[in-house]
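Asker: To start, I am sharing the structure in question, which I have written as C-alpha cells.
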Amino acid sequence: MKNGTIQQSLSGFYDIWSGGKLYRTRARGNFRKRGLKPVVGDQVEFEAENQREGYLLKILPRKNQLVRPMVANVDLAVVVTAVKEPNLSTNLLDRQLVALESQGIDPVIYFSKTDLLSDQEADALMLVVKGYQMIGYPVLYQRPPFGEEALGELRKILTGKVVTMMGQTGAGKSTLLNHLAPDLNLATGEISQALKRGRHTTRKVSLMQVGDALIADTPGFSSYEDFQMTVEELPHFFPEMQALAPECKFRGCLHIKEPSCAVKNALKHGKIMNSRYDNYLQFHELIANQKPNYQK
C-alpha cells in the first residue's frame, strides 16, 4: 500500500502523486456505494503494481474542502476577480470570501483586467482595494494587471503552499497562471460578447507544480450559490463583524435589527464597507430561505 495526493481527477480516473511518481488509479466500487467522492488535493492510500493501473483504497481525513471549486486540503486561495469584462461584482467576491473563511482557508484577492479601466474607474477601484485591505485581506492590484510587482508579491505568498485559483469564468485564472509559470501554456479564452461571460477554458481540476507551490487551476463559474452554514454562523465569516461582535449589547447579535449593535454603529461611521454589509444582508436572507442540506 502507498500514500499520496490526488493531483488530477478526470473521467473516473485519479492521478496520484507519490514518491516523485504519478500513478493512474480508479476508485474501488464501494466508494460509490458509501457516497464517497475523491477530489483533487485528497491525501489517500492506494495500491498499484505499476504507474498505469492502480486502485484507490482510502481517503484520509480532510482539513478542509471547497465545493466550488471541488478541491481539498487547501492552504490558500487566490480569488482572481475581474474589474471589467465581466464587470466587478463585490457580491460574487464576498460569496467566495465567505466560503473560504468557513473552511479556514486564507484568501488573497487578485484584481485582473485593470488595464481596461479608465483613470476615473481606477480611482474608484482603489477605494474598494483599501476597503478589503482594512479588513485584513491581502489585495494585489496593478495596472497593467500582470506586472512584475504584483506577480513577485504573489510568488512570495504562494511559496510552500497548496493553493487553489478560483473566480468567475473569464476572470483570468489561467492567464495569471501562465504569467507565474509561462511553460504551462494553459488554454485561455476571451469573453463571449453575447453573454459577457468567459468560455470555460479549464475543464478539469488538477494540481500543478508552480515554483515551490502546488496550484489547482479549476473550471470557472458564472454564479456562486453555495452557503453551507446557518444564519448564526454567517457573521463569523465576515472578519470585520467578528472583531466588533464582543462590543454588541446582545450575545449572538446578527447585526440586523438588534439595538446597540457595534457593527451597525461602525457602518454608520464609515468603518465598514456599505457593499459588504449589503451583501451580508442578502446572504443572510438567502441562507434563511434555503433548505438545510449542508453537511457539518
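Quick reminder: no glycine exception, Cβ is built from N, Cα and C everywhere.
For reference, Swiss-Prot lists these features for the protein:
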- 63-224: domain 'CP-type G' (DOMAIN)
- Ser112, Lys113, Thr114, Asp115, Gly167, Gln168, Thr169, Gly170, Ala171, Gly172, Lys173, Ser174, Thr175: GTP binding site (BINDING)
- Cys248, Cys253, His255, Cys261: Zn(2+) binding site (BINDING)
Asker: Using only C-alpha positions, which one of Cys248, Cys253, His255, Cys261 is spatially nearest Lys173 (GTP binding site)? These are the binding-site residues in the record.
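Answerer: Comparing Cα positions, the candidate nearest Lys173 (GTP binding site) turns out to be His255.
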Asker: Least buried of the binding-site residues Ser112, Thr169, Thr175, going by other Cβ atoms within 10 Å?
Answerer: Thr175
Asker: What does DSSP assign Ser112 (GTP binding site), in three states?
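Answerer: Strand, per DSSP.
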Asker: Which one of these binding-site residues has the most other Cβ atoms within 10 Å of its own Cβ: Ala171, Cys248, Cys253, Cys261?
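Answerer: Ranked by Cβ atoms within 10 Å, first place goes to Ala171.
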Asker: If one measures from the C-alpha of Thr175 (GTP binding site) to the C-alpha of His255 (Zn(2+) binding site), what distance in angstrom results, rounded to a whole number?
Answerer: 39
Asker: Restricting the comparison to the binding-site residues Thr114, Gly167, Ala171, which residue's C-alpha is spatially nearest the C-alpha of His255 (Zn(2+) binding site)?
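Answerer: Its closest listed neighbour, by Cα, is Gly167.
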